[in-house]
Amino acid sequence: MTQVTVKELAKVVNTPVESLLQQMHEAGLAHTSADQKVSETEKQKLLTFLEKGSSTKTDGSKKITLQRKTTTTLRTPGSKSISVEVRKKKTFVKRSAEEIEAEKQKDLEKLQAEKKAKEAAQEKAKPAEVKAEPVATKPAAAKAEPVKAEEPDLPPADITLPVVDEVAAPATERKKAPTKRVEPDERRERKAAPRPAAKGKARLDDEQTARRGGRNRSKAKKRSNQHGFHSPAGPVVRDVSIGETITVAELAAQMSVKGVEVVKYMFQLGSPVTINQVLDQDTAVLIAEDMGHRVSRVSDNVLEEQFAASLKIDEGETFHRAPVVTVMGHVDHGKTSLLDYIRRAKVATGEAGGITQHIGAYHVKTEGGMVTFLDTPGHAAFTAMRARGAKATDIVILVVAADDGVMPQTIEGIEHAKAAGVPLIIAVNKIDKPEADPDRIKNDLAAHDVIPEEWGGDTQFVHVSAKVGTGIDALLESVLLQAEVLELNATPSASGRGVVIESRLDKGRGPVASVLVQNGTLRQGDMVLVGVNFGRIRAMMDENGQPIQEAGPSIPVEILGLDGTPEAGDEVTVVVDERKAREVALFRQGKFREVKLARAHAGKLENMFENMGQEEKKVLNIVIKADVRGTLEALRGSLSELGNDEVEVCVVAGGVGGINESDANLALASNAVIFGFNVRADAGARKIVEQEGLDMRYYNIIYDIIEDVKKALSGLLGTDVRENILGIAEVREVFRSPKLGAVAGCMVTEGTVYRNRPIRVLRDDVVIFEGELESLRRFKDDAAEVRSGMECGIGVKSYNDVKVGDKIEVFEKVQVARTL
Ligand SMILES: Nc1nc2c(ncn2[C@@H]2O[C@H](COP(=O)(O)OP(=O)(O)OP(=O)(O)O)[C@@H](O)[C@H]2O)c(=O)[nH]1
């Protein structure tokens, strides 16, 4: 053994040189200076002296702490080398003779208790022993030996000195080399501690002990040889917080066990999982509780909140961004022509060979700046997106044909834009036509609160011709002027954010999504979270089908690489962490149903006010469709008068004709109820109503609507008589029979048609007759009911005017109790 100096020894035992010299002096050693050598015998003498406790403490410390660090290099199969640092810390605590005696006694008792517990556990898990034994008897010291070989540097530890043995790798290295991680003592001991375990679990524990190999066992052996036992009395209970979802690995980390333990545990339960699999909250709670930990469930939105907080995106310089425009207007007023003209004139020019393809949007560059157009015209797409909470449009161009004037869809366009709070620019189109009368348009629109600037209002009117190109530049200028007023800004240096315009599944390329970048920059290779989907952007194309590497604010692009087709209006967010993206996507998928259910609850007329704050004035939003304009106006007037200081009725939109998809979307976006007066919803609208749980009611008496709204306003909506539509038959042919009159050859398209229930005849989703059936026949036979998918002959009592294409709706009236 080489000699060390007093200074070196002081460093090793972590004591000031003066203190050590004092102790050495008291131990009868002659050392007086830091540079003097200390022999092995002298060291031993000093240690014996210290053990006897005859040393007067000079630094107030009862402990000597020794630290040692070893670094080994680990080679992974991928030939990556990882350095693993193992730190050992030994603390020698000086005790009096009595304390040592008591400690010995305690150790003995513990040893006996542990032995008993082990026997009990082995008794319970007999089959496991067979598996575990052979491994346990293998020579185990091999791996531990090199560590032992370095021990001589440390002063010899004595059996009477209890030793706290800490072995730990730094956190970062743990991640890199999980297999090399040395288990904390407490976990090892928790495993050995008695606990009521299922057979499978006991087997699991033993297998784990066996699998861990010789290293731990040899350490345990070493410890028992040298220092006796040091074991906590019970299992270590961790605080585990579990969100809506958690990955197996994360759950394991929170419980301080290896992921594979959870995998095995789940396997025992008959549910194989992988380490990266996401568990739902209930399963995770079950596992964690069963493994003896304290579990706290984390609130629903914590994951989303954490995710939102992790996106620090808006740092950097802000710049003006291009406005995004949607074109609306009545059928045939020239929406498509206008979009096509602008595209042809501004995009395709100069881009020889550029393939113009429909990606749902395009952008044009003008002298005054850039403008982006969403090229699905009409308010349906606009409101569908808004219904999903997306605001993609900054400005609406409302096209009104100068030869036709203000029409129902023109008014709908105004209503939809107003409901969304988006400014309008009026494109008075077809100005090239001789019969064009732009002044009439101004007058008509003013009646709908759209006042031209020259009349003191705030709406720009531009005369254009989408056919010959007149006024298009002026229209673009107006858009840019309006954009300036809106002060549209974005931060290109931020990470990309956007909204899905449309998506489809391409045979060769997989899911393809058109995305409008709204802030930051989207780049090829970015990991993105898109609604309930996620993926890495494999490729990105502009509206000409040309591959591009990146896209800034207000630029539409097509992206490939998602794991599914997101919905129009879904938010696109660049995320750094793929695991997080997957987790949030899965969380959202699970959440989807709940959100729908919650919406279904909130969207009912009965519950409309429940979700509003106490202070704010409560507003009941209504979308009304009626069979004739007279009724519509009457309803509008009566309903608008119903409010008082606290509650208000707002007819968001009203129109003549059946309830369509766009009405349903507007109701969804505006949190409104839908009233159909003598009209019905088409299939598209019904799908949205059902999916989103909207409240849609059909009426045929004005008084009933007014009464229901009054009741809803006063919170008294008790029981209702609601109509259930039982079946719908479509008229395919009409036969005239001298005996029965007109008989409709029908196909039952939905539900079941019953002979004895009330019916209505609908033409273009508008009720034209209400009554009952005269006859219902399958082939030649009378039938009580005919189901969906079957043909039948229907005779309507006292009604002979059935036409091909009409629908016969069979319904029943039921009392519905108010649901809360
Ligand atoms: N004379 C003239 N005709 C026009 C003009 N703009 C459009 N048209 C014509 O009007 C008709 C309808 O135009 P579209 O662009 O299809 O109208 P739309 O509003 O998109 O119609 P939908 O897609 O059915 O809603 C077409 O025959 C166009 O050629 C114009 O400025 N002048």
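Keep in mind that glycine also has a Cβ here, set from the backbone N, Cα and C atoms.
Bear in mind that TrEMBL entries carry predicted annotations, made automatically and left uncurated.
Annotated features in TrEMBL:
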type: REGION; residues: 51-236; note: region 'Disordered'
type: COMPBIAS; residues: 52-76; note: compositional bias 'Low complexity'
type: COMPBIAS; residues: 95-132; note: compositional bias 'Basic and acidic residues'
type: COMPBIAS; residues: 133-144; note: compositional bias 'Low complexity'
type: COMPBIAS; residues: 172-192; note: compositional bias 'Basic and acidic residues'
type: COMPBIAS; residues: 212-225; note: compositional bias 'Basic residues'
type: DOMAIN; residues: 320-487; note: domain 'Tr-type G'
type: REGION; residues: 323-471; note: region 'G-domain'
type: BINDING; residues: 329-336, 375-379, 429-432; note: GTP binding site
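Here the features listed in TrEMBL are painted onto the structure.
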residue: G329; record: GTP binding site; contacts (Cβ under 8 Å, 6+ apart): K335, P377, G378, L398, V399, V400, A401, Q409, T410, G413, A427, N429
residue: D332; record: GTP binding site; contacts (Cβ under 8 Å, 6+ apart): A401, D404
residue: T376; record: GTP binding site; contacts (Cβ under 8 Å, 6+ apart): G360, I501, E502
residue: H379; record: GTP binding site; contacts (Cβ under 8 Å, 6+ apart): M328, Q409, E412, G413, H416, A417, S662, L666
residue: I431; record: GTP binding site; contacts (Cβ under 8 Å, 6+ apart): A402, P438, H463, V464, S465, T470, G471
DSSP three-state assignment for G329 (GTP binding site): strand
Counting every protein chain shown, other Cβ atoms within 10 Å of the Cβ of K335 (GTP binding site) number 26
For H379 (GTP binding site), just give me the three-state DSSP call. helix
Among the binding-site residues D332, K335, I431, the ones with a Cβ under 6 Å from any atom of ligand 1 are D332, K335
Helix, strand or coil: which one is K335 (GTP binding site) in, per DSSP? helix
Reduced to three DSSP states, the region 'G-domain' (323-471) has 48 helix, 37 strand, 64 coil
Looking only at the region 'G-domain' (323-471), what is the mean pLDDT? 86
